[in-house]
Amino acid sequence: MPDAIEVRKVPIHSVADASELAKLIDDGVMQAERVIAIIGKTEGNGGVNDYTRIIADRAFREVLVEKGAPAEQVKQVPIVWSGGTDGVISPHATIFATVPPEDLTGALAPSDEQRLTVGFAMSERLAPEDIGRTAMITKVADAVKVAMERAGISDPADVHYVQTKTPLLTIHTIRDAKSRGKTVWTEHTHESMDLSNGCTALGIAVALGEIEMPSDEDVMHDRSLYSSVASCSSGVELDQAQVVVVGNAPGVGGRYRIGHSVMKDALDQDGIWEAIKDAGLDLPERPRTSDLDGRLVNVFLKCEASQDGLVRGRRNAMLDDSDVHWHRQIKSCVGGVTAAVTGDPAVFVSVSAAHQGPDGGGPVAAIVDLG
């Protein structure tokens, strides 16, 4: 049985700041060697050349080592950064750590009640020619199943959030594929971000039984195929799929629980509230921010501009805008909607949601404190 989880959200005060992680460790909230995953937002451009993700990654790993975690162990900790804090979104990190068994007393002791659990896995290496094709779907699906097993989850219905980081295509990797006589799905590096995310989401959906195995032709074209729990990011930092499965399991113990839902479109506040309720908070029929009473740890969303250029029947110009890419516009929009619900702009809102939730909407996961 996996260990119980402690999870906290902390602000990031500057690009290279990890002082709040250090404070959590110094205050005894968690131990450096027990940190198992970090998921956060950095303030870069969110694109191919967003190096704030690399800077933040280094800062957080250095703190873990400074506070006593073995360097080799720290190298293996999955740290997923989503670049781009457009609009009111505030840079932050959500940190997951295991709890020593001796600390699980009273209401926190393991029981039949489902509580938060986390599992991690890495896929086989993803070659540039795999990205956007069924080879990638298969490799991701295999890694998701391993992460589920490590989280102690046997029923896919108990998986509420799968956060991934996968490689996108760069000029260098495209050149590499061609030198070996291979082709790539696209030679547009920015488009490959959407491609990598979408293909990864299909792998998650296959692993969890949400869809049957799609064909190469379905990738990015059949938007009726999607996962309701996938949250996929991509970058230049790695050549494998990094998979973090977050769900609930009995017998784990602890004080936290996770739930999920989907936003049907960019304005669907109800979808966010449904995820919070699904996590276990008892809320009124028409809840307000004040009803959360400090019990919401964080929400995690993916968003996407609807392919028809409409929101609730009204036309918008995001997909035609040559000045500001639609990635930044929809992220800013949904970030504002989300912060209005939670009352906190430190929310994980990430763009590029192909095959992640319905077209124009996206998955929502919420972690709450039931302690």
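For all residues, glycine too, the Cβ spot is worked out from N, Cα and C.
Pulled from Swiss-Prot:
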BINDING   ARG53, SER82, GLY83, ASN197, SER233, SER234, LYS331, SER350, VAL351  substrate binding site
BINDING   GLU304, ALA353, GLN356, GLY357, PRO358, GLY361  Mg(2+) binding site
REGION    1-103  region 'RU A'
REGION    115-250  region 'RU B'
REGION    256-371  region 'RU C'
SITE      HIS327  site 'Important for substrate specificity'
Item to check | Alpha-carbon distance [HIS327 (site 'Important for substrate specificity'); GLY83 (substrate binding site)] in Å | outcome: 11
Checklist entry - Looking only at DSSP and grouping its letters into three states, which state does SER233 (substrate binding site) belong to? => result strand
Next on the checklist: Quick check: with GLU304, ALA353, GLN356, GLY357, PRO358, GLY361 left out, which same-chain residues have Cβ atoms within 8 Å of the centroid of the Mg(2+) site Cβ atoms?
Outcome noted: TYR226, VAL262, MET263, LYS302, CYS303, ALA354, HIS355, ASP359, GLY360, GLY362, PRO363
Checklist outcome for this item: Spatial neighbours of HIS327 (site 'Important for substrate specificity') among the binding-site residues ARG53, SER233, GLU304, VAL351, GLY357, GLY361, using Cα within 10 Å, are GLU304, VAL351
Next on the checklist: Roughly how many Å lie between the Cα atoms of SER233 (substrate binding site) and ALA353 (Mg(2+) binding site), rounded to a whole value?
Outcome noted: 9
Next on the checklist: Considering each pair of residues in ARG53, SER82, GLY83, ASN197, SER233, SER234, LYS331, SER350, VAL351, all listed as binding substrate, report the largest CA to CA distance in Å, no decimals.
Outcome noted: 17
Checklist outcome for this item: Excluding its own, the Cβ atoms lying within 10 Å of the Cβ of VAL351 (substrate binding site) add up to 29
Item to check | Number of other Cβ atoms within 10 Å of the Cβ of GLU304 (Mg(2+) binding site) across all protein chains | outcome: 29
Item to check | Among GLY83, PRO358, GLY361 [binding-site residues], residue with fewest other Cβ within 10 Å | outcome: PRO358
Next on the checklist: Take the mean position of the Cβ atoms of ARG53, SER82, GLY83, ASN197, SER233, SER234, LYS331, SER350, VAL351, the recorded substrate site. Which other residues of that chain put their Cβ within 8 Å of it?
Outcome noted: GLY46, GLY84, MET193, GLY235, SER352
Checklist outcome for this item: The DSSP breakdown of the region 'RU A' (1-103) into helix, strand and coil residues is 34 helix, 27 strand, 42 coil
Checklist outcome for this item: For the region 'RU B' (115-250), the averaged pLDDT of the predicted model is 97
Item to check | Fewest Cβ neighbours within 10 Å, where candidates are the binding-site residues SER233, GLN356 | outcome: SER233
Item to check | Helix, strand and coil residues within the region 'RU B' (115-250) as assigned by DSSP | outcome: 55 helix, 37 strand, 44 coil
